[in-house]
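I have placed the structure first, in the form of structure tokens, so that the comments after it can refer back to it.
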């Protein structure tokens, strides 16, 4: 219980007292989203329409409430901790709204929702939030239990707590004040959580009984209401169907494995408790079959397979390839490709470790048989061939998706970059690199048919790579370069057509070269027309620019008319500004040439008088006695 207090944003203790214990922490974390959550608690939460149908009885849309809350508060991204914090905050607000607090900050007073309190359906919602909070904590611990096995015990404890709250909700709904639909939903909810708990305990019989009960109730509810209301119930039935089949298989129904394999191919695959268990089940089934597998034949040579992990991978190879072909969505295909490549890499690593100890096998060449490698090395080459071929198929599938996106002229979206031919060029570069690695596999150097087959595949992908390089040149109007590349595409494609007679079966899965030839021919015609139009446009632009772009402002060419679009822009060339410099007459300069020839009157008499006055005159001048 104490661990639940670690939830950021408010998580209280376990049990019915969780809402009161989350008071301090919950208010801080819930203020951001508190507006909507407060509105949920100020009115009866869901079931108002049902109240009218069943008179004054209480109604609660249990499945609808939990699905909407989960989608809006973290479970869309698998964030169980966020959803758990939301449940704690909503509990606290419900208790505050209903005045059903668990004491105060100084003293805890435990309270339970009883049948006498059922005057408002929010009391039922309070118990539902208790169960949801415990369930979300269990799912959070399940994510962490992969790295910390000790947390599995805590996970089971939280699931038991969730079942306890669900049973309490079911008991309250048995009251005459609650309508029949809510009673059925409470029973289905309890059966669902109980089934999950039994599933974790590997009590398959009890789990399948609980899941079947849940499925039956939801199917009955779906058939009793309109199609819009039945969508949620049908979704829940689809969610628990894989769990039912898994339990049936563990009880002894061997036919269930085929249905589980088909469920894995559906969009999104399986989720929750079943995802990891289903992968483990498939591996376990293949391991049982691997005991009968002792050898594998590839390109006319049979080699023994003694490594169990390699046997399991080779047994599932055909199933994996069929699953990729049958996949409904691109996301599922990509997930299956990645899973297959991961298994193949693991098998190659095991074989590589077996090759290290034996020095003779590290030399790869058997004495007396040049060009022939050991069985273990040949098996390594076979697994590498599978890995590279799968990588080529995955990249080819991605290239097809990008080609479809290029053909669909979608509006520009700033948030998402539209695909470009350069993206396809990169994919085909990777494919060609994988083909080069295939040619270098040990043990296949003398296989002329294999070398020829890979050479033809290389020509096919080179043709497509050249085609998209030409497309990228067309986008930047480099017509001559694009035309040369189109001719190169036709050259590669014609070589494939001339040499593909004996390899049609191996090339049937590759892109159609004849279709590429037709497309290139049409593109060449379009390119030549576009080049001619572009040349005419360039000539007209040069002619008009020679008439207009002569650096003359409008004020100097009033006498000639030219359509100049720049005149209506902010950089219109109307006048020279600032004006240019022009020569003007300067101010005349006068020189006094007669000054040197003028004789001025003598001043000696005045200078003598000033000299005679001396000190006496100076003193008189100071005191003002000078006349």
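From the backbone N, Cα and C atoms, a Cβ is placed for every residue, glycine too.
Per Swiss-Prot, these features apply:
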type     : residues : note
REGION   : 1-53     : region 'Disordered'
COMPBIAS : 8-33     : compositional bias 'Gly residues'
COMPBIAS : 34-43    : compositional bias 'Basic and acidic residues'
MOD_RES  : 48       : phosphoserine
REGION   : 52-252   : region 'RNA-binding'
MOD_RES  : 241      : phosphoserine
MOD_RES  : 452      : N6-acetyllysine
REGION   : 588-610  : region 'Required for interaction with SRP72'
Cβ contacts within 10 Å for residue 241 (phosphoserine), all chains included, total 17
The mean pLDDT across the region 'Required for interaction with SRP72' (588-610) is 80
Students should find that the Cα atoms of residue 241 (phosphoserine) and the residue listed as 'N6-acetyllysine' sit apart, in Å rounded to an integer, by 49
Reduced to three DSSP states, the region 'Required for interaction with SRP72' (588-610) has 10 helix, 0 strand, 13 coil
For the residue listed as 'N6-acetyllysine', the nonlocal same-chain Cβ neighbours (under 8 Å, six or more residues apart) come out as 499, 503
